[in-house]
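Enquirer: This is the structure I want to talk about, given as structure tokens.
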């Protein structure tokens with residue numbers, strides 16, 4: 001990428017490997033952001049899908065391995081690690097979830113580990129995975145983003161899944177009438193039926209915005225933090241390619257400093273996503289407003 005400008009380098013690293021309907025009528029991979037944009041809605045971010053599935057499988061395999069090797073005697077390092085993680089998540093669920101459900105704890109564990117693994121890919125040097133993709137494909141211009149959580153499609157997809165569970169449990173616990181009443185009869189109420197009828201549109205607007213804000217904030221918080229972190233790594237990488245010795249030296253220091261700080265960010269963002277999911281589902285299980 002030595003021939004690229006700093007701007008071109010940054011744009012290339014922030015572009016997804018997109019598969020879809022090309023302008024010439026064929027199906028294939030986009031090589032530029034303009035081609036990807038022309039593909040429209042029915043385009044697939046292959047890198048995001050691939051890494052999300054791969055890291056999900058890694059999570060399943062690690063925990064399956066730990067379960068198969070679990071023993072009541074002297075536990076190994078993997079069993080100790082998994083037990084500590086499970087106890088941590090279980091404690092978080094017990095502290096924040098006030099309903100009864102056998103699904104919430106496994107869901108919270110899955111979310112925390114999966115999001116953490118997707119975030120952790122950000123610690124891999126920014127050029128390694130794209131360069132590997134170029135070597136495998138034989139195309140020196142093909143884009144490839146490895147951090148799935150820097151793609152709003154991934155974070156919004158996870159958030160919408162949580163939103164679907166919120167709606168499902170709200171209706172299951174409160175009934176369809178109770179769910180509709182929650183959206184239309186609160187926060188403002190009146191014993192006068194005429195006044196209450198007038199307040200329904202206001203209540204619905206306020207409650208609907210509150211409801212929709214949950215998945216949007218959940219998705220954008222994770223995306224924004226991880227996208228900003230990835231951008232910092234890319235800007236530091238630009239320093240290395242500047243050709244200036246002092247700037248390259250500064251880049252080395254910043255790379256290590258930001259990587260250490262980023263470990264906190266990737267863990268914290270996974271924890272926040274998990275905790276908000278637990279809190280939102282706990283609210284859905286509450287039988288009163």
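One-based numbering along the chain as shown.
Cβ coordinates come from backbone N, Cα and C, glycine included.
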Enquirer: In Swiss-Prot, which of 80-100, 101-121 is labelled transmembrane segment?
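Expert: Range annotated as transmembrane segment by Swiss-Prot: 101-121.
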Enquirer: What same-chain residues lie close to the transmembrane segment (160-180): Cβ under 8 Å, and 6 or more beyond its ends?
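Expert: Apart from its flanks, the transmembrane segment (160-180) reaches 99, 101, 107, 211, 214-215, 218-219, 277, 280-281, 283-287.
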Enquirer: Which listed stretch (43-63, 101-121, 193-213) has the most C-beta pairs under 8 A with the transmembrane segment (259-279)?
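Expert: So the stretch in question is 101-121.
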Enquirer: Counting only residues 6+ away from its ends, which parts of the chain sit with a Cβ under 8 Å from the transmembrane segment (193-213)?
Expert: 166, 182-187
